[in-house]
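Let me begin by presenting the structure, written as structure tokens, before commenting on it.
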2 protein chains.
Amino acid sequence: MAAAIALSLRGRGVSTPNPSVGCLIVRDSVVVGRGWTQAGGRPHAEAQALEQALDRARGATAYVTLEPCFHLSPRGPRCTDMLARGGVARVVIAARDPDPRTDGQGAAFLAGQGIAVETGLMAAEARRAMAGFFLRQTLGRPHVTLKLGLSLDGRIAMPDGGSRWITGPAARAHAHVERARHDAILVGGGTLRADAPRLDVRLPGLKARSPRPILLGSGDAPPGWTVIRSPEEIATLEHVDHLMVEGGASTAASFLRAGLVDRLLLYRAPILLGAGKPALGDFGLASLDAAHGRWRLTGGRMLGPDRLEVYESVESA
Amino acid sequence: MAAAIALSLRGRGVSTPNPSVGCLIVRDSVVVGRGWTQAGGRPHAEAQALEQALDRARGATAYVTLEPCFHLSPRGPRCTDMLARGGVARVVIAARDPDPRTDGQGAAFLAGQGIAVETGLMAAEARRAMAGFFLRQTLGRPHVTLKLGLSLDGRIAMPDGGSRWITGPAARAHAHVERARHDAILVGGGTLRADAPRLDVRLPGLKARSPRPILLGSGDAPPGWTVIRSPEEIATLEHVDHLMVEGGASTAASFLRAGLVDRLLLYRAPILLGAGKPALGDFGLASLDAAHGRWRLTGGRMLGPDRLEVYESVESA
């Protein structure tokens, strides 16, 4: 299932309106099919994996990160039908599909076809990989990652605004992979005017994966940009399940003030700046006590000389 | 030798005017004696370890973190004499003693007595444990550790100055062990007036290990405090090999501006503050490029929910 979840991340950022699902078909300990949700949402992961497996799917086990779809769609066949027709003997599902058109009915249909069905294996990890899809269902808004590249003393730029470069090439490449996994990137007006950022994915072969640029503010935006007036308006963005907020400090603060940050992606360089621009503006924290218990460290690693730390909001877990 | 270095840390903070040395005597794979420099510098580590080993030192190997002393002192016997008289067959030395009264002569004397002598095993680690002693010899000043307890966004206090507590009990206990390993703690006038800090070691059994309090500034200091006017004056502090700078932001900046910080001890809590006091004031950094390449990560661990990171100055390495 860990491999299926890793596969599912390949579709992140391009699979909307569908969640990016991963599927692995295994027979006699050999992987005979792998799939993930393709750009635009079709084909589904199961369809792709079954097409690879062909006859080898008979009697095999399918690992799938989300309950296979049961609802009929004009856009393609139901995965439940395809799995049954493919002859799989067992389906292991990580997370149940909260969409009321499937929600347990997919698993029940498969069981009714004589297929062994198990649900819940690595459900938390699978839900994390599809966090935006689940938040859309529960809170009606995308999942928000706040990305900061900062010094040991929490500065994101020199006093003159210069921030090239705080982090090194390995950290910047990692941030570009993260961009590719998001449907949209948002910056504030100050960052747009000061840095004129290219919010694309500058990695070989991933240029086409550049997310949609969004401006929070009231000014003019370059062609192709979407403008929203408040953090709450992210709920209205179509086909955006995963949003990355890249700066600056007051934009980040406005998302924190609105309680709309689910994940922190902190790239910390081993430097001290002393003076310069702080990472965050005032977001209305009432007391020191109120700051505690909100964030949980869920990942950390070195990227060259820099350190990446990932925190997730305890509330959106 | 790693065990001898760990023993040597027990004398840190109380062994001045002598460096805190560790000594382990091993015979037939059994530890027969352990010692470290005692309060006030005597007895030496070797004397203590030999006293434990008694006759079992004959034919044994002594591991010692610093070259045994060769120079005569009215305060006690020479360790080179004691080791030879104790009958050890082999002496393994981590770091050569830079004091010209010993500097290689201790090792030569032991070899002349028919004892096998090796020098250099874990020398870098041993030098790090006695960093202040070596800096006194080379630069004529103590080793300086800058300690910061900060939020993910680099704040050390709320806008009203409140900082109790940013870090949790495990991090604070660790910081008190670090205090015990320092000869003196320094704060600035602002911190003294705002926090009236008790710079003692609040750990069971370690109260007596509280370091000497030092004020950087021009105001009045409480009884028992030493006052200095500039970071450079640390060179004049007697019996201070290891100094810990605890705050606030402008005091920390004045030490960085003077190039007088050898080690950063960062306790980072998983909280965001947004507003509040930054960790550091302006220390005159010329450019972003100039910030790079100065600090090397040499240790990191979780302390409850908080993360400790230790950086060392590339220049003082």
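Note: Cβ is positioned from N, Cα and C throughout, glycine not excepted.
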Worksheet entry | Residue from A:G149, A:G274 that TrEMBL also lists as binding NADP(+) with A:W165, A:T191, A:D195, A:L199, A:G248, A:A249, A:S250, A:T251, A:A252, A:A253, A:S254 | A:G149
Discussion item. Please identify which of A:R179, A:R257, A:R263 is recorded by TrEMBL as part of the substrate site containing A:S163, A:R202, A:E246.
Written reply: A:R179
Worksheet item: A:S163 (substrate binding site): which of the recorded positions A:H44, A:E46, A:G149, A:T191, A:A249 have a C-alpha within 10 angstroms of it?
Response: A:G149
Item to complete: Report, in whole Å, the straight Cα-to-Cα distance of A:C69 (Zn(2+) binding site) from A:R202 (substrate binding site).
Response: 35
Response to the item:
Note on Zn(2+): the CB centroid of A:H44, A:C69, A:C79 has further same-chain residues inside 8 Å, namely A:V21, A:A45, A:E46, A:A47, A:P68, A:G76, A:P77, A:R78, A:T80, A:M82
Response to the item:
Those binding-site residues in A:H44, A:C79, A:T191, A:L199, A:T251, A:A253 passing the chain B Cβ proximity test, under 8 Å, are A:A253
Worksheet item: Nearest to A:E46 (active site, proton donor) by Cα distance: which of the binding-site residues A:G149, A:E246, A:A249, A:T251, A:A253 is it?
Response: A:E246
Item to complete: Please report how many Å separate the Cα atom of A:C69 (Zn(2+) binding site) from that of A:T251 (NADP(+) binding site), as a whole number.
Response: 38
Item to complete: Taking only the Cα atoms, work out how far A:T251 (NADP(+) binding site) lies from A:R179 (substrate binding site), in Å, as a whole number.
Response: 18
Worksheet item: If H, G and I count as helix, E and B as strand, and all else as coil, what does DSSP give for A:A249 (NADP(+) binding site)?
Response: helix
